[in-house]
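Heads up, the thing below is written out as structure tokens.
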Amino acid sequence: MEAKTGLFAGSNNSNELLVIQEHNEPKAVKNLDGQVCEICGDSVGLTVDGDLFVACEECGFPVCRPCYEYERREGTQVCPQCHTRYKRIKGSPRVEGDEDEEDVDDIEYEFKMEEEKYKLKHEENMNSRDHDGENPKSIGKVNGEQSLSSHGIGETCGAKLYNKEKTDEWKLQQGNLLIETDASVDPEKAMKDETRMPLSRKVAIPSGKLSPYRMMVAARLILLILFFQYRIFHPVPEAMGLWFISVSCEIWLAFSWIVDQIPKWFPIDRETYLDRLSIRFEPENKPNMLSPIDIFVTTADPIKEPPLVTANTILSILALDYPAHKISCYVSDDGASMLTFEALQETAEFARKWVPFCKQFSIEPRAPEKYFSDKIDFLKDKIQSTYVKERRTMKREYEEFKVRINALVAKSMRVPTEGWSMKDETPWPGNNPKDHPSMIQILLGHNGGDHEGNGLPCLVYISREKRPAFQHHTKAGALNALLRVSAVLSNAPFVLNLDCNHYANNSKVVREAMCFFMDIQLGNSIAFVQFPLRFDSLDKNDRYANKNTVLFDINLRCLDGIQGPVYIGSGCIFRRKALNGFDSPKASKRPRSVQVHSKQDENGEDASIIEATDEDKQLLQSNMNTENKFGKSTLFMNSSLTEEGGVDPSSSQEALLKEAIHVMSCSYEDRTLWGYEVGMSYGSIAADMLTSLKMHSRGWRSVYCMPKRTAFRGTAPINLTERLNQVLRWAVGSLEILFSSHCPLWYGFKEGKLKLLQRIAYINSTVYPFSALPLLIYCIIPAICLLTDKFITPSVGTFASLVFISLFISIFASAILELRWSGVSLEEWWRNQQFWVIGSISAHLFAIVQTLMGGFLGRFNAHFSIVSKAPDEDGEFHELYTIRWTVLLIPPTTVTVINLIGIVAGFTDAINSGEHSWGALIGKLFFSSWVIAHLYPFLKGLMGRQNRTPTLIVIWSVLLASIFSLVWVRIDPFVLKTKGPDVKQCGISC
């Protein structure tokens, strides 16, 4: 027999895989420390022959059979370490691409005939041993050969059956196999195995999709070098200024592309295992050990943020598939509106009917407006006979609820001269939204709930104190007030932040996040889990790229492969400890015990764990001045230092409410670190990005979770003016971070916890508005070339033509390959490119001007209005065609008019010059038409439904374009000049 791969030796109780190498063909095989799978952390296990399972014969990378078979069936079919294709191992099903192997023929095993044979043989061996009265273990000690022939067979058969059962169990969890019940399987042992499995795992992008993309990016980089080598060393003598400006713009745009591309090198996906989470933390006949969570909903203007939209968001939260006594929902009303307060009261009453209905019939989604408006088969998978009747009743109840809410909205339009009064004739404290005291009311308590998750979650209305002399920091300040109030009342270790127009579309979204937070191995180092946001009520073509698909489906997935995505302002679940300004704990693969997340779960814990927690508290209190950090509130400070969450049960509700009023007063943050090291960060409009930057600099990680069913959905501005204002706000916030002490170029270097690629991603997120200047110039250059009859490059040769064409092809090829691995459609990518140009030459340009004015003029506070979040009621996208005046509309309109004038001038010049000038004209017309193609959605929106454009925009744009064109005609007109004698040499009478 010919030896091909060498000899492997090992046993069940050994801690390593011993490799006896062949002298002629030495192979280095990785040491299997502890026989633990490097993918799932489970035992590697045995083969059907009882040997130690080795998936890859080339490098011996430790992988268990379930992960090996999953990779062969669903994954890349290659070893994660040496990238060698996995060969079929005896006992594993065949997959497409397997070679025909004569020596590995186990078709009987695939049809479960081998399993029955081993069962019978095992029973016969056991019966014969019992009859003879021999001890198999003693035989193995006396005679090695007899051990292999008797005990070895029994042990091998038992191992095979155990491994087969375990494999089938794993397949059942994945939904790939339905296992028949077997009385010989020990359910307690199977349950114990489940508790050791990871709650989530990384899923690599298939190399067949990712490798071509990386190769094309590298090729594009080489072509860029060749392109700039030609452009820099081949100037245009007759148009040096035009050549220099164009090369400068090209260098900046190439640099911005490289900075944007570097963090995209390691995209990943993730999978969660909700069944394992339930088995581990929701045992039968025992208290539920899932961690509590506080949910924050922020609203400020009931006109732009309709109460019905907010009510649907809250109802979807209250109906989450999570234990009701573990959820506390806090609604912050920064506008102190009585309309919002009364609408929440109606919502709380309707929730008593809606939440039981959702949980009884397991409906999705659990926002009633979306549920009743979707044209779906609502009878699918609903086998209860009472469902149809209950649904009709609930729909009628919801229609009555909408009538009551709309009546409140109509009533709020007529403001009394003396101000609003509540039902008991008490004046509403928030009649002046800029000067009012703190308000808080518990609309729903936990009294009706039980430990099985029934009942209703807690619902609390708050409105923080507002005084004219204080800075309130808009949304970031409201979230910090919610953070303090929730710490006093419930103090859950995790918090979810949602805008009022983002409802929970997936009722298991909290469980998805807990698969990361409550993982024993990696959960303690995760600061937050960010979910993608999807949007309803958008036009079919998504004219203004409101979906932000490139951000959610490409950029954030790439950041997840480094240190984690950035916080995007909503749809994010935080660890309270990270928000309280603590550093990330040192990573430890095997912690001594499972972390306790709730006060009520501490009864069964070991005393040494509680003592260690007390020591940590004393250490924290001795190393920091907690009063200067958290403020003068003993109750809040104690809650902040309690990592496992929960409040003191001895405190009365009156004392807790009094303390809650105190911690949301506008003077509480004075002389504290709130907004700087604790809570949401102040100092920038983009407080979300600044907050995540600080967390990552402290060593925390973040996770991007994309469940199959979208986690959150909401509304987005479809009006052109509001969309540009939104982009302007983001750009100003990014530039504020760039010019602050938190600039990612140097922030956090001393600690060294921010990874290099993550730092580059933050740099790209702050410098991107500066691309507006070269992009604006480059959009005008085609018109200048047409007006002056000049071009930015000299006559190109064959090699230069090949470089230009290859670079142009590589740009499209890299984009297409990026879309291939990300799943983004070509239309969505093109819409994103179009609005990148539109936003850059309008919103980003004004963001630069506004930021520089703020830097030179000292205090320059820009006012940004709240974007309208009202859904499109008439269903005909009325807002899409509405044009509102803003100065942001002038630059794109001017660029369009200039290019149109240039095209007309170019055609006129070509007609006057003859046929020889048409060749040069084609190249110039191509670039000018390319600019207009990018601005097409803007032009379509500018025309409106009736093709009407505001007169002021037309006047300003035409005026600027005319002045610009006349200046260029005066300087260097394209009309042919009459050539005559040189009057300087021979005089006027020559």
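Every residue gets a Cβ built from N, Cα and C, even glycine.
Given the ranges 80-103, 416-439, 584-607, the record in TrEMBL names 584-607 as region 'Disordered'. Here TrEMBL gives transmembrane segment for one range in the set 214-235, 918-939: that range is 918-939. Computed over the domain 'Cellulose synthase RING-type zinc finger' (27-104), the whole-number mean pLDDT of the model equals 72. In sequence order, Thr298, Thr299, Ala300, Ser463, Arg464, His472, Thr474, Lys475, Ala478 constitute the residues six or more apart from Asp334 (active site) in its chain with CB-CB distances below 8 Å. The Cβ of Asp688 (active site) lies under 8 Å from the Cβ of Val566, Tyr567, Ile568, Gly569, Met680, each of which sits 6+ residues away along the same chain.
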